[in-house]
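Peer 1: Look at TrEMBL and you will find 440 tagged as active site, proton acceptor. Residues annotated as FAD binding site in TrEMBL: 150, 189. Taken from TrEMBL, the feature domain 'Acyl-CoA oxidase/dehydrogenase middle' covers 146-256. Positions annotated as domain 'Acyl-CoA oxidase C-alpha1' by TrEMBL: 293-455. According to TrEMBL, the domain 'Acyl-CoA oxidase C-terminal' annotation covers 499-676.
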């Protein structure tokens, strides 16, 4: 199979690294993806290549052209049979397809994901049989959806949303109203120019004046035939953004706009014709959680998108580093810049991070898919699983987005001036990933939900109770008090890089940070702070660090579990080095002071051992780095970088890019202004 589907790369400047790798890269690729998924992706590549409209263009387009082409790309993608059957695909095919499509065109895929997938998922999970016609119309391309939650004045604080849906018992309708501009729905992907219908979150108010919290409604926005908005709606586009400009983010203001009573998505609550509110869920907090439960899916998907961006960037930077030569011990031969320790330390931790985020995202996607399927089949909810996925995704999205942000920027700088070219692809990756740090919950606020969930377990640890969770992310809390009594015992680098030892360090970190975060919160309460203020004054050095260490520990375990399945020792060895490099680099960057503060380490030896281990791992991974990116790299037409092509012919591709740039050697149309400068005369 590998001989048929995984072809050798063209010979070229990267051969010296590929030939000397310590493992078989094709074997590792099959281990990570399986032959079935490699075949699936290969067929998808062939389908995509049939449609020239899907190819990227080197020509800078106007915003209007970008929007127009993105729409056409979206509908072209939806016409491809394998993509049409996306929702029937198994989870591994879904992950593979998302990887390919987000690499092909992020804007078109986001537009498709929000306007089609998210709209359908919300209607199916929160609506009932009376809403299935919307799904049918969307699948038949009669309508196009969007998802309206965020408002001008409130984003992360969903409880503060102010759009109102007041039931009118006389007309049997809901009246949607935006009290002012701050209550306008905004940042709605697909709404700016294309959506005809929206899932709208609004505060439901019954005729007795009672506010029942956020509920969801299907709301017609535009006439599908004329694409003009209905009366009572002001809808528009938010304009150009730093990235993702193919997505028409829009705003909408409702002015006493009426919709049918049946447009309320009523799986969890309903209003009858007389205006009586009906729900089996009496707790407003639980209803709020039900209304926003689907947001975990978005955060899990963003974790995966961040991996895609980072994997593309690190592929470009490492291949470039294997080709680019600068300086040397003498004037006769220059060295590839990947040979330099400083360059290794800049890039290789992000290669390790890319692998970790890959395993993290895939594990969360599979768990979340299982949870969604239970809901769609009306099986009893597993609240423990839902709560754990919420806690994990509230931390995985921030850590993945931040890591991709920092990694892409490092890759950009590591490619020197050439990395600043648009043709390198790194600038677009940086701009597109930037959105991951704020949408679906601003990262610094979102990650607080993880620490809030963790804090409730400290009293259980103190009373030595058995603690477990469906995804096992907190099972080690059962031995929390014993873990806190452990110390750093490694005496040499070889002991430091043992995966089990690194995971033990993180178990201590999480337990210690949980202990001091809980204690700090209690101290704040004793000082007279209310719970809200006490938590806010507990974030820096405490709650935030706790949540970060927790998700890093989960990520390390996800990779460790995968390593145990490795088909041979050479693959196990190289993956173990990546695990160790990620874990130790993260400790050195974020947690060293905590190890000393809590007494886990003392003296200068532990930190020296950790730093020496990092450098040793970088030196050992350096020779495998090109093959490691070959494993996760996408084909050149998806990587779309003159610096990162698989053949390593960087300078050939740069020359072609220069020469093919529109008007690169032509005299500018405004050349006369360089000769006749009368327009610049001083005015007396």
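Glycine residues also receive a Cβ, built from the backbone N, Cα and C atoms like all the rest.
Give me the local environment of each listed feature.
Peer 2: Secondary structure at residue 440 (active site, proton acceptor), as computed by DSSP, is coil. A sphere of 10 angstroms centred on the C-beta of residue 440 (active site, proton acceptor) encloses 24 other C-beta atoms.
Sequence-distant contacts of residue 150 (FAD binding site), defined by Cβ-Cβ distance under 8 angstroms and a gap of at least six in the same chain, are 185, 186, 187, 188.
Secondary structure of the domain 'Acyl-CoA oxidase/dehydrogenase middle' (146-256) per DSSP (helix as H, G, I; strand as E, B; remaining residues coil): 6 helix, 48 strand, 57 coil.
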Peer 1: Round to the nearest Å and give the CA-to-CA distance linking residue 189 (FAD binding site) with residue 440 (active site, proton acceptor).
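Peer 2: About 12 Å separate the Cα atoms of these two residues.
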Peer 1: If I take every residue in the domain 'Acyl-CoA oxidase/dehydrogenase middle' (146-256) and average their pLDDT values, what number comes out?
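Peer 2: Mean per-residue confidence for the domain 'Acyl-CoA oxidase/dehydrogenase middle' (146-256): 95 out of 100.
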Peer 1: Can you tell me how many other Cβ atoms are located within 10 Å of the Cβ belonging to residue 189 (FAD binding site)?
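Peer 2: Within a 10 Å radius of the Cβ of residue 189 (FAD binding site) lie 23 other Cβ atoms.
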